[in-house]
Amino acid sequence: MYMLRPSSLLLATGLLNQGSSVLAAVISRASNQTFDYVIVGGGTAGLVLANRLTEDSSVTVAVVEAGTFPEDVVGNVTQVPAYAPQFEGAELDLEWNFTTTPQAGLGNIPVSYYRAKALGGCSDINFMAYGRTSKGAHQLWADLVGDDSYTYDNMVKYYKKTMNFSPPNAETRLANATPMYDTVDTSTGGGIDVTFPSFAQSWSTWVSKGLAAIGLPQAHSFVDGNLLGHSWQMVGITQSTGIRSSAQAGYLRPVMSRPNLTILNGTFAERIIFNGDAASGVEVTAKGQTYTLTSKKELILSAGVFQSPQLLMVSGVGPKALLDKFNIPVVKDLPGVGQNMVDHITVPLSYQVDVVTSSTLAGSSLEEAITEWNTHGTGPLSNNGGDYIGMEKAPAEFRANFSAETVKQLSALPEDWPELQYNVLPATVSSTSIGGEGSVLGGNYGSMLASVIAPQSRGNVSIASASMSDAPLINPNIFTAQADIDLLLTAFKRVRQALQSSAMAPIMIGDEFFPGPTVQTDEQILDYLTETVRPFSHGFATCKMGKSSDPDAVIDSHGKVYGIKNLRVVDASSFPFLPPGPAPQIQVYTLAEKLADDIKQTKY
C-alpha cells in the first residue's frame with residue numbers, strides 16, 4: 001500500500017519518552033515442553049486465542065513468536081498513532097520484509113509486502129482502523145461455509161468482545177468534526193481500546209464535504225453492519241493516553257502473569273509434527289537450537305496469510321504436486337493450501353491545500369506536538385493520519401462502461417458490499433517520495449487513496465523449498481482481473497470528482513499535484529494506475545474456510561484442517577474471502593474470539 005513516510009518523524013523518535021521494555025524479561029526460553037495448546041504466531045489472532053484459552057487456569061498454552069515486543073526494537077515509536085505510516089519498507093527487525101514475485105498486472109515488477117514480525121503482529125504497525133463488515137457479507141460467509149453462526153446477528157457478540165469504547169473527546173476535536181455513531185453498536189470491557197482520535201485533521205473536515213458533494217450519504221462510523229457512505233473513522237487508540245491499542249497491549253499484557261501462559265519469543269516454527277493423521281506438536285528453533293513443543297490437545301496456526309500455508313506445505317499438507325517437487329512426504333493432499341489469495345488495491349492522488357496538514361509537521365511544530373503527546377496524549381501525534389473514510393458501490397454512469405464479465409462478477413456480491421473506498425491522508429503521496437516532503441516543497445498537502453474493496457483478482461502463496469528459512473513465494477496477482485481495472489479507474493475518477501468539487505474549492509491551491517493535470521484520458525489514467533497501484537497488505541484466504549465439498553477449502557467452519565486431527569488455522573488466511581470494511585483487522589480479532597469459544601467447547 002502507499003503510505004506516508006515523514007522523514008521528520010523518523011528523526012524525532014529520540015525526543016519521545018521511551019516505553020519500558022522490561023516485559024521482555026518475563027519471556028520464556030524455548031526448550032522441549034508439553035502444553036495443552038501450542039499457538040504458532042503471536043499476532044492479531046494468536047494473542048486473542050492465548051488470552052481466552054488461559055482464562056481456564058487448568059489449561060496450559062504456549063505462543064511461538066519469531067519477533068518480540070516492538071518496544072524492544074524501536075522504543076515506543078509503534079505506540080504513537082501518527083508514526084503508523086513510517087513502518088512499511090523501513091527494513092526494521094519489526095517486519096519480515098517480504099517481496100512479491102513479479103506482478104503481471106504491474107508490468108512484471110515485484111512489490112514490497114509488509115507483514116509484522118512482533119508480538120501483536122500487524123496490529124503493532126497498521127493504521128488502527130476499526131470497523132465491522134457488512135450484514136450481507138456475513139450472510140455470504142455463513143452460506144459459503146454452511147454455518148449460520150457466521151451471520152451478522154450471531155457475530156455481534158464477538159465484535160463487542162473486541163471493543164472497549166470511549167466516546168470522542170469533544171474538547172480537543174474540531175467543532176465540525178463530531179462523529180456520528182449509535183451507542184447500541186459500541187461496548188466496553190473488550191480487548192481493544194477504541195475511540196476517535198483526540199485530534200481531528202482539518203483536511204478531513206473538507207474531504208467530508210467533497211464526499212457529500214458527489215453523493216455519498218453520512219454513515220454511522222461503520223460499526224452497525226452498514227458500509228455505504230462516509231464517516232469519521234473509529235480507531236484502536238486509548239483515549240486517555242493517545243497510545244495505540246494493539247493485540248499485545250490489549251490481549252497479552254493484561255494476562256502476562258498467568259502461570260499457565262508461556263510466551264516463546266525469538267522462536268521460529270520449522271515443521272508440524274504428526275502422529276499418523278493427527279498433529280501432535282511443532283518443531284521450533286531458537287538461538288540456533290532445535291526443540292519440540294508437544295500439544296496434548298491442539299496445535300493452532302496463527303502465523304498469518306503467508307506463513308500459515310507455508311508451514312502447512314513444508315510439513316506435508318498442501319498440493320501434492322508441489323510437495324513432491326521438494327521431496328516433502330505427503331501427510332494430506334489439500335490443493336487449496338496457499339490458493340485463493342486476495343487483497344485490496346489502491347492508488348493515491350495529492351493536492352496542495354490551504355489548511356494545515358502533517359506535511360509541514362517539522363521543526364518547532366513537531367517539537368510542540370511531541371510535548372503535547374507526551375504530556376496529554378493529544379495533538380497531531382494522537383491522530384493516525386487516516387481518520388476519515390468513504391465507501392460506495394460504483395455509480396450507474398460508471399457501471400454502464402464495465403465489461404460484461406465485471407458486471408457478472410460484481411452481481412454475485414451482496415447488495416450492501418461496497419466496491420470502492422476512499423481514505424484521507426494529510427500529506428503528499430507520490431511514486432518517488434511517500435509523504436512528509438511538505439517542508440521541502442513548501443506548503444501543505446493533502447491526499448486521498450482511491451481503492452478497490454471488491455477485488456476479483458486471485459493470487460497464491462507457494463514455497464521455494466522444504467524449509468521455513470526460505471521466504472514464501474508471494475503472488476497476489478493484483479490488477480489482473482478486468483473487474484479490478486474497471487473499478488480502480490472508477491475510484492480514481494470519483495476521488496477527482498470529490499477533490500475538484502465546488503465544496504472543496506475554498507482550500508485547493510493550483511492544479512492537482514500528483515499524478516497531475518496531464519493525466520486525463522482513460523488511457524493516461526490506466527497507465528498511471530498500472531505504474532502506481534499497490535496492494536493494501538490486506539492479504540486473506542490462503543487457508544480458505546469452506547464446506548467439505550469445496551475443493552479449495554482447507555479448513556471447516558471451526559477452523560479445523562480437513563483430514564488432520566488436532567490442527568486448526570485461525571488468522572487472516574482462514575477466511576473464505578476478504579470482507580469489505582474500513583480495514584480487515586477487526587474481522588481477524590472477531591474470528592479469533594469466536595473460535596476461542598469453539599476450542600473451549602471442544603471435547604477431547
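Every residue gets a Cβ built from N, Cα and C, even glycine.
So that you can see what the record holds, here are the features copied from Swiss-Prot:
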- His538: active site, proton acceptor (ACT_SITE)
- Thr44, Ala45, Glu65, Ala66, Asn126, Phe127, Met128, Ala129, Ala572, Pro584, Gln585: FAD binding site (BINDING)
- Asn32: N-linked glycosylation site (CARBOHYD)
- Asn76: N-linked glycosylation site (CARBOHYD)
- Asn97: N-linked glycosylation site (CARBOHYD)
- Asn260: N-linked glycosylation site (CARBOHYD)
- Asn265: N-linked glycosylation site (CARBOHYD)
- Asn401: N-linked glycosylation site (CARBOHYD)
- Asn460: N-linked glycosylation site (CARBOHYD)
- 1-24: signal peptide (SIGNAL)
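Recorded features from Swiss-Prot, shown on the structure.
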{"residue": "Thr44", "record": "FAD binding site", "Cβ neighbours (10 Å)": "31"}
{"residue": "Glu65", "record": "FAD binding site", "Cβ neighbours (10 Å)": "30"}
{"residue": "Asn97", "record": "N-linked glycosylation site", "Cβ neighbours (10 Å)": "16"}
{"residue": "Asn126", "record": "FAD binding site", "Cβ neighbours (10 Å)": "26"}
{"residue": "Asn260", "record": "N-linked glycosylation site", "Cβ neighbours (10 Å)": "17"}
{"residue": "Asn265", "record": "N-linked glycosylation site", "Cβ neighbours (10 Å)": "21"}
{"residue": "Asn401", "record": "N-linked glycosylation site", "Cβ neighbours (10 Å)": "12"}
{"residue": "His538", "record": "active site, proton acceptor", "Cβ neighbours (10 Å)": "25"}
{"residue": "Ala572", "record": "FAD binding site", "Cβ neighbours (10 Å)": "29"}
{"residue": "Gln585", "record": "FAD binding site", "Cβ neighbours (10 Å)": "26"}
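Distance noted between the C-alpha atoms of Asn401 (N-linked glycosylation site) and His538 (active site, proton acceptor) is 28 Å. Rounded to a whole value, the Cα-Cα separation of Glu65 (FAD binding site) and Asn260 (N-linked glycosylation site) is 17 Å. Here Met128 (FAD binding site) comes close to Pro81, Ala84, Val235, Gly236, Ile237, Arg244, Ser245, Asn384, Gln585: these same-chain residues lie at least six apart in sequence, with C-beta atoms under 8 angstroms from its C-beta. Close to Ala572 (FAD binding site), meaning Cα to Cα within 10 A, are the following recorded positions out of Asn32, Asn76, Asn265, Asn460, His538: His538.
Whole-number maximum of the Cα to Cα distances across the FAD-binding residues Thr44, Ala45, Glu65, Ala66, Asn126, Phe127, Met128, Ala129, Ala572, Pro584, Gln585: 25 angstrom. Looking only at the recorded positions Thr44, Asn126, His538, the one with its C-alpha closest to Asn265 (N-linked glycosylation site) is Thr44. With the fewest other C-beta atoms within 10 Å around its C-beta, Asn32 stands out among the glycosylation sites Asn32, Asn76, Asn460. A distance of 15 Å separates the Cα atom of Asn97 (N-linked glycosylation site) from that of Asn126 (FAD binding site). Separation of the C-alpha atoms of Asn76 (N-linked glycosylation site) and Asn126 (FAD binding site): 15 Å, rounded to the nearest whole number. Closest to Asn260 (N-linked glycosylation site) by Cα-Cα distance, out of the recorded positions Thr44, Asn126, His538, is Thr44. The closest partner of His538 (active site, proton acceptor) among the recorded positions, by CA position, is Asn126; the full candidate set was Asn32, Thr44, Asn126, Asn460. Taken residue by residue with DSSP, Asn401 (N-linked glycosylation site) is part of neither helix nor strand, so it is coil.
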